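Undergrad: Quick one: the structure is below, and I'll ask about it shortly.
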Amino acid sequence: MVSADVARNIVGIIGNVISFGLFLSPVPTFWRIYKAKDVEEFKPDPYLATLMNCLLWFFYGLPIVHPNSTLVLTINGIGLVIEGAYIIMFIIYAAKNTRWKMLGVLAIEAAFMAAVVAGVLVGAHTHEKRSMIVGILCVIFGSIMYASPLTIMGKVIKTKSVEYMPFFLSLVNFLNGLCWTGYALIKFDIYITIPNALGTIFGLVQLILYGYYYRSTPKKGKNVELPTVLTKNAVTSGDVSVTIEK
């Protein structure tokens with residue numbers, strides 16, 4: 001029979017693979033931004049929230065805070081690099097006011113993270129206390145990260161279009177939350193359970209919205225021009241009528 005530790009490691013490895021897919025899922029979006037040289041209606045909120053989340057989980061996984069958390073440490077280190085690249089590209093192609101807002105948020109995140117690191121290392125002297133403090137912060141910001149697509153979900157409902165809510169991102173977001181919830185429940189870790197359980201719920205809601213509004217989303221590049229005939233009477237009267245020839 002497989003032990004709990006072995007099962008947890010297996011699920012953790014699967015979680016790492018899915019998380020890696022989650023980090024890469026916005027690539028089509030940023031390829032579109034790169035080609036258009038414009039961020040269009042895409043929002044930076046999910047990427048800023050994910051960056052902060054990765055910073056905290058990376059700190060949580062360090063041996064000085066929570067020993068034996070290699071899987072948590074490695075995937076969030078990779079996430080930091082990938083999310084940083086997305087944010088840089090977003091800043092380059094965003095409008096001036098959006099760019100300054102993003103830089104302001106990044107400055108706040110950097111200052112907050114520096115304060116957390118200093119406060120935890122100086123004020124908490126055991127792994128248990130450090131894990132608790134950083135874990136609570138991870139729960140808060142992990143929940144914010146998973147809830148950040150709510151702005152996009154609102155736009156989907158308002159416009160009845162899923163154009164700016166990529167399906168693959170929603171799917172991987174759901175699978176990621178589901179896998180890490182399972183990882184946390186095998187050897188119970190409340191700090192990993194709460195945000196990822198919320199992520200599972202939010203991901204499922206996004207998939208439901210996608211399925212509901214997919215058909216009402218305008219399809220690009222499918223406009224067909226049909227031959228037209230102007231009637232003689234319409235021309236002489238000053239009005240234009242169009243007859244479609246079949």
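Cβ atoms here come from the backbone N, Cα and C positions, even for glycine.
Curation does not apply to TrEMBL; its annotations are automatic.
The transmembrane segment annotation in TrEMBL covers 6-25, 46-65, 71-95, 102-126, 132-152, 164-186, 192-213.
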Undergrad: Top stretch among 6-25, 46-65, 132-152, 192-213 for CB pairs under 8 A with the transmembrane segment (164-186)?
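TA: It is 192-213 that shares the most Cβ pairs under 8 Å with the transmembrane segment (164-186).
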Undergrad: To the transmembrane segment (71-95), which of 46-65, 102-126, 132-152, 192-213 is linked by the most Cβ pairs under 8 Å?
TA: 46-65
Undergrad: Do any residues, 6 or more residues outside the transmembrane segment (46-65), come within under 8 Å Cβ-to-Cβ of it, and if so which ones?
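TA: Residues packing against the transmembrane segment (46-65) from afar: 23, 26, 71-74, 76-77, 79-80, 83-84, 86-87, 90, 102, 105-106, 109, 112-113, 116-117, 120-121, 127, 130-131, 134-135, 137-138, 141-142, 144-145, 148-149, 152, 191.
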